[in-house]
Amino acid sequence: MSASNIPVERADFDKVIVPTFAPAAFIPVRGLGSRVWDQGGRELVDLTSGIAVNALGHAHPALIEALTEQAGKLWHISNIFTNEPALRLATKLVAATFAERVFFANSGAEANEAAFKLARRYAHNLYGPEKYEIISALNSFHGRTLFTVTIGGQAKYSDGFGPKIQGITHVPYNDLAALKAVISDKTCAVVLEPIQGEGGVLPAERAYLEGARELCDANNALLIFDEVQCGMGRSGSLFAYMDYGVTPDILTSAKGLGGGFPIGAMLTTEAAAKQFSVGVHGTTFGGNPLACAVAERVLDIVNTPEILQGVKARHERFKSHLNTLNERYGIFTQIRGAGLLIGCVLADAWKGRAKDFFDAAEKEALMILQAGPDVLRFTPSLTIDEADIDEGMMRFERAVARVVNG
Ligand SMILES: *Cc1c(COP(=O)(O)O)cnc(C)c1O
């Protein structure tokens, strides 16, 4: 019955996979909670959760149940037909947020692609073809399709692919005057991450998001929040906009939404949604029953006071460990972020060396992340045990000592 299992090793990556990634030397084969085991049986502490994806850790029993139960019923049916898990998930997302309508996709980039297309279509329909400019922030990250890399604020991801999509302006993040200087009646949308993730775990200031909201309203532009990384409980609220009290017109979610199963979603208002009529946008896999059944269960679990307050408590536990460590080693100038999206900014002496800390952590059987060359990032499971935090931080201290002591 079972397929023949040919032996594979890390070296095969460099032979058979397109070289867009440079994965670590070990190959994870199994995970449970915040622990991962590699091919050789080595146990690692996982403070990455697949880049803020496995919101409930690895192999959560409720998610296995949701997935396998749905797997026995209906995997895929296409959007020529609707399905119960998609309708249930959308109903719950609408009940839990500002949104009145949901569009399902399979990734963050696709959710953003839908958001950007909707913003342009909305402006086109209501104000005419001249209103298509989109303003986004420098250092922002919105995905890897051509539209999303062009809107993302890192030229290294968008250069070298031929002509870019026109009408996109980048401004410094957290700089309201800069936004005010470029927004106009030609602007159809302003796109922001309430907490920049890839750009260095940089939270927005409240006044910045409030000001962006006002500027959008004054210019008939939609405000889009990309909460692909900072949403779904990661900030300690269901979505980070709730922490700020600033409501967007469109919000995108992915990563943690599926708890490890690929899914993306664009949430929006009735007024915006109705500018997308039948056939204007679409997807084959978006809203498939398997992904939606799992995400529904993730949402049920994450959107509870126990989990969300637990995220805030875990934030404090991480922070106290990191502060203690920093008193000893003085390697960070700032420990920032919210909930379980935590960034440690390297001091001048260690600037550009985030990868060295990542490598040292691996040697100590610890999985951490970078957010650029100058920031170490922690995005553990929202339900990580206190003991795993403590063990992870002990290993992290040993990794730091390795780097500091050369
Ligand atoms: C990861 C990420 C994306 C892209 O998501 P994919 O699922 O990789 O397409 C978009 N926006 C933000 C803020 C992200 O962190």
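Every residue gets a Cβ built from N, Cα and C, even glycine.
According to TrEMBL:
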| type | residues | note |
| --- | --- | --- |
| BINDING | GLY108, ALA109, PHE141, ASP226, GLU227, VAL228, GLN229, THR284 | pyridoxal 5'-phosphate binding site |
| BINDING | ARG144, THR283 | N(2)-acetyl-L-ornithine binding site |
| MOD_RES | LYS255 | N6-(pyridoxal phosphate)lysine |
Distance check against VAL228 (pyridoxal 5'-phosphate binding site) for the recorded positions ARG144, LYS255, THR283, keeping those with Cα within 10 Å: LYS255
Spatial separation of ARG144 (N(2)-acetyl-L-ornithine binding site) from THR284 (pyridoxal 5'-phosphate binding site) - C-alpha basis, Å: 19
Site diameter for pyridoxal 5'-phosphate, Å, by largest Cα distance between GLY108, ALA109, PHE141, ASP226, GLU227, VAL228, GLN229, THR284: 25
Where the C-beta lies under 6 angstroms from ligand 1, the matching binding-site residues among GLU227, THR283, THR284: none
Which same-chain residues, if any, lie at least 6 apart from THR283 (N(2)-acetyl-L-ornithine binding site) yet have Cβ under 8 Å of it: ASN79, PHE104, ALA105, ASN106, GLU110
Listed in sequence order, residues with CB under 8 A of ARG144 (N(2)-acetyl-L-ornithine binding site) and six or more positions away: ALA109, TYR157
Inter-residue Cα distance where the pair is GLY108 (pyridoxal 5'-phosphate binding site) and the residue listed as 'N6-(pyridoxal phosphate)lysine', in Å: 7
Residues satisfying Cβ distance under 8 Å from ASP226 (pyridoxal 5'-phosphate binding site), sequence separation of at least 6: GLY108, ASN112, ALA115, SER140, HIS142, VAL191, LEU192, GLU193, THR252
Densest Cβ neighbourhood among ALA109, VAL228 (binding-site residues), 10 Å radius: VAL228
Tertiary neighbours of PHE141 (pyridoxal 5'-phosphate binding site) (same chain, Cβ under 8 Å, six or more apart): GLY152, GLY153, GLN154, TYR157, GLU193, GLN196, GLY197, GLU198, GLY199
